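Asker: Let me begin by handing over the structure; questions about it come next.
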Amino acid sequence: MATVPTYHDLSFYSNPKENKARYAKLLNSFEQKYHCKPDFFSRSPGRVNIIGEHIDYNYFSVLPMAIDVDVIVSVTTSDDAKVELNNTNPEFKEEILELPSDGAVIEINKTHHTWGNYFRCSMIVAHKYILEKYPELVSGGKKPLKGLKLIFDGNVPTGGGLSSSAAFCVASILAILKANGINTITKEDLVKISVVSEHYVGVNTGGMDQCASIYGEQNKALLVQFKPKLMATPFKMPVLKPHDMVFLISNTLVEANKQETALTNYNLRVVEMAVASEFLAKKFNLELPKESNLHTGTLRGFMDEYYEKHLKQPHWDGSDIDMGVQRMQEMLRLTEIMFSEEQKVGFKTEELAKELGLSVEEFTKVFLTKIPVKYERMKIYQRTVHVYSDAMRVLQVLKLFHQHKDSDDPQKFMLAFGRLLNDSQRSEDIYNNSSSPELREVCKISLANGGYGARTTGAGWGGSAVHLTTHDKLAKLVEALTEQYYKKQFPKITQSELNAAVVVSKPAAGSCIVQLAEY
């Protein structure tokens, strides 16, 4: 079983020289603050999701890749019963976490939003893992975790849709485990514990972000599957000649703060999709496996149960692409039939409760208690269309990759790939309502200036778009985005800010421990 690697140099980066200067700067900051060298570094990269958005928590496969930007944390242990959190970014002020002397797991005040809360949630899951697997390290729970002195450095844009929070949490969890004497952890275990970390700050993530960050490999994208179990399969992407394809990521600089806007955005989608699955199940008198974060059914669960109970066919195992596409098409056909034109507009709470055969109180208890949300009407028809259509597009992209041969027309491949990305953006905009005016604008500019496809990546409502182009068209695309979006929207933007906003990345190495032989 693959374990998280430890590196003794920086050759795992695509640009080791640039990162050597970054590590040296972080080391200098650490020595100035704590008057000692760090024992080690922990790092985890951001990710870009190529296609498949808001479908991971419905257990449908997605296609992300780890990218060159990452979160690094420099670490040393301390005899003090506290954790000192610092950051090279002055926006993130120092925080001190007092460790309970009785060895209890720390708690989080969810009403007080600070960057330190993401470390707290990392400490909670790391501590629980230690209690479960290595209780002797903490005297069976009677002894606190080791005190830590930490400085973080991250170049994953916060709120940019590139999973800065997952990168931060995974790097933090790795740091805590290593500092407390756990030198080896499987990638599978690290995914399991990190997936639930952000739940402690009220964000119900589905697992794709953490999986992509942990399993990333240089020059390989990832197929992340959630059934029959959570797993990531690296695969090489087609090499096109004479001009290879490239992904450009543009941060709109409109921050998508999942924690603060979850009530009406991210968490509402989680709830709407859970309601949608139970709505469809009720139509066919099906009992769904309780596998969502709300302990309800999921849209994947509905599809599998429909095929098993109504059509007497086995559950889809996720590997047969043609079968998957056919089943998504059937789900989309059913969706159109099962919702009346009036219902397609949206449901009030009372209407949904009636459809599910519940009182308003029962509906509230099942769907609106565990994850707080705010809405006027739930648009469960739209969310259903988005989930099944984007899940189908993931499979269509996979098929495109598998079928491509070196002798094939690269232009034909790029047009087909781009069309699927554009269809995904249209669905995010119209059916999932997770795009934004700024995201629509950068996608429009892209398609007029050398982009084959462009779509919102990450949670949405701001953040970043991913653009598909080729190396020969890259300079024109960067210039167009710079002149027509960034300089218009942000006239005072600096060159360094521009460089951070527009990222061209190849698939990068995943999470690791770094113990440099020399500093």
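Cβ from N, Cα, C; glycine included.
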Asker: Please identify which of R43, R47 is recorded by Swiss-Prot as part of the alpha-D-galactose site containing E53, H54, D56, D209, Y266.
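Answerer: For alpha-D-galactose, Swiss-Prot names E53, H54, D56, D209, Y266; of R43, R47, the listed one is R47.
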Asker: Counting Cβ atoms within 10 Å across all protein chains shown, which of the recorded positions D56, D209 comes out on top?
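Answerer: Going through D56, D209 one by one, the largest Cβ count within 10 Å is at D209.
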Asker: Rounded to an integer, what is the Cα-Cα distance in Å between R47 (alpha-D-galactose binding site) and S163 (ATP binding site)?
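Answerer: Answer for this pair: 6 Å between alpha carbons.
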Asker: Mind computing the max CA-CA distance among R47, E53, H54, D56, D209, Y266, which the record assigns to alpha-D-galactose binding, rounded to whole Å?
Answerer: 18
Asker: Quick one: among the binding-site residues R47, H54, which has the most Cβ atoms sitting within 10 Å of its own Cβ?
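Answerer: The largest 10 Å Cβ neighbour count belongs to R47.
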Asker: What Cα-Cα separation, expressed in whole Å, is found between Y266 (alpha-D-galactose binding site) and S163 (ATP binding site)?
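Answerer: About 14 Å separate the Cα atoms of these two residues.
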Asker: Whole-number Å only: compute the distance from the Cα of S163 (ATP binding site) to the Cα of H54 (alpha-D-galactose binding site).
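Answerer: H54 (alpha-D-galactose binding site) has its Cα 13 Å from the Cα of S163 (ATP binding site).
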Asker: Let me check the 10 A CB neighbour count of Y266 (alpha-D-galactose binding site). How many other CB atoms are there?
Answerer: 25
